[in-house]
Amino acid sequence: MGRPDPEEGQLAAPVKPPDGGWGWIVLFGCFVITGFSYAFPKAVSVYFKELMKDFHVGYSDTAWISSIMLAMLYGTGPVCSIMVNQFGCRPVMLIGGLLASSGMILASFTTNIIELYLTAGVLTGLGMALNFQPSLIMLGTYFDKRRPLANGLAAAGSPVFLSALSPLGQVLLEKFGWRGGFLIMGGLLLNCCTCGAVMRPLDMGMKRKTEKAQDKYEAKEMLPIGGKSDEGISTTDGTKKAKKAKKKPKKGKKLLDFSIFSNRGFIIYTISKFILVLGLFVPPILLVNYAKDTGVPDTEAAFLLSIIGFIDIFARPACGMVAGLKWVRPHVAYLFSFSMLFNGLTDICSARASNYTGLVIFCVFFGISYGMVGALQFEVLMAIVGSQKFSSAIGLVLLIEAFAVLIGPPSAGRLVDALKNYEVIFYLAGSEVVLSALFLAMATYCCLNRGKKKEAPVERNPAAGGGSDTEEAESDVQEAEEHSSDNHQPAHNTDNAVVTASEEANHVADEQSGEGGGCPEGDGEVLARDGCNADQTVERDSF
């Protein structure tokens, strides 16, 4: 068997996720990034009243700031995927942190609402998008067996930061005004750069090990071999140069891998997620106004959102732990369907809640189901496409979700203005979420599981999500070793030829001096059995 080529070993295949170690630091960075990405657009709303007074605009005009942030977060998904595939996660996150911070700092010096759209909306939203997507990609590379738990803990950053940034924004508004608040918020967003700096790629460890292996390989080649060491080394070097000359040029990495659309599981997930987003965000957006219309005081109505956030903090990690169980993880898509069904039925059942107690009960169950959805959405996508194609998959999914975000909540607001009835909106939103749950469960069972059973004797279906990235990595490493062994067979045979020639010369010398003490024919038979005689060597070299 030939020696593995260090240079080709470096290209080998992906590194095993450590499921711990530095991964916990990466998880904390992802927790912070997720908190800023989802909570910041909502926390900015505490400044809207002051902005309306200074710029003489209406509430709908100021609300566009948060809408543009969310649109940039979702709509720039493919751009983020291209940049990550081209430059890596860490540089993209560092640039994103600088953009997000500079957007809020520049917004503190604006003089009209249009400038706010361009700075706080476009620039900050783009910066947060360049942080959010790479952080999830890095989380998937560092965790495999504990990935469901890691996704749940990272998703908990959204409710935690929402419960912290909103009161902080109110304090900053009272002490420094909205301009000072925007300036300090911009400084806080510089923490995204710190989180990006800790996103150390796993390839660095592989390169260090490869360099050590290469040094050992070169040292081994420099050792003398029999009486023809110089000739053997020069022959080996010539073989290596010829091999490098014949080596095919490396193929560039795809900037955006559209081949994932051939994955049935990805298509099913995308359709289900589009239907889900149409109704998922409608209830929390309309909840406060719905409570006020039923006669609930303003302070108690605002407290309903705090209840949802508090329950959400504990629901996401708990759901991640459940999804990581051995008997649950192969069926995580069905758990995701159950969480969506739970959320949709909660919306439908709460449509006729007419008192504060009923709304509190709704918030408790909605917080549980909403946390389950948040903890499982990206875990299911990773299980479907794998960590290698996740960067392209999440970018395309977020782009499709952007259209649903722009359709769902605005359409619900127009229906409220036209019908003056919140019950219909809750029924409609709940029905959309239930439909997405049923579609995902039925399509997964009919199109994926049955197909997997039929194709099981031939190949494993990656769309079923039952595999592990660790298993894929191990198989890729084995293929790389076999490939490198085949490439180095000529060099190994050259070494055998040198050794065989030196042995034959020694036998001839022993025979002539009369000190051989054995039959040269017998020695030749031994060489023939070992497969290392001169004739066979010539044949191998010619091959």
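Note that Cβ sites are derived from N, Cα and C of the backbone, with glycine treated the same way.
Here is what TrEMBL records for this protein:
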type	residues	note
TRANSMEM	21-40	transmembrane segment
DOMAIN	23-448	domain 'Major facilitator superfamily (MFS) profile'
TRANSMEM	63-84	transmembrane segment
TRANSMEM	91-110	transmembrane segment
TRANSMEM	116-137	transmembrane segment
TRANSMEM	149-168	transmembrane segment
TRANSMEM	180-199	transmembrane segment
TRANSMEM	266-291	transmembrane segment
TRANSMEM	303-325	transmembrane segment
TRANSMEM	332-353	transmembrane segment
TRANSMEM	359-378	transmembrane segment
TRANSMEM	390-412	transmembrane segment
TRANSMEM	424-448	transmembrane segment
REGION	457-543	region 'Disordered'
COMPBIAS	469-479	compositional bias 'Acidic residues'
COMPBIAS	487-499	compositional bias 'Polar residues'
Touch test for the transmembrane segment (180-199) and the transmembrane segment (390-412), at least 3 Cβ pairs under 8 Å: no
Apart from its near flanks, which chain residues at least 6 from the ends of the transmembrane segment (63-84) lie with a Cβ under 8 angstroms of it? 37, 40-42, 44-45, 48, 92, 116-117, 120-122, 124-126, 128-130, 132-134, 137, 255-256, 391-392, 394-399, 401-402, 405-406
Mind pulling out the one from 91-110, 332-353, 359-378, 390-412 with the most Cβ pairs under 8 angstroms to the transmembrane segment (266-291)? 390-412
Among 303-325, 359-378, 390-412, 424-448, the stretch with the most Cβ pairs under 8 Å to the transmembrane segment (332-353) is 424-448
Using Cβ atoms and a strict cutoff of less than 8 Å, what residues sit near the transmembrane segment (303-325) while being 6 or more residues removed from its termini? 145-153, 155-156, 158-160, 162-163, 284, 287-288, 291, 332, 335, 339, 359-360, 363-364, 366-372, 374-376, 379
Stretch among 149-168, 359-378, 424-448 sharing the most Cβ pairs under 8 Å with the transmembrane segment (390-412): 424-448
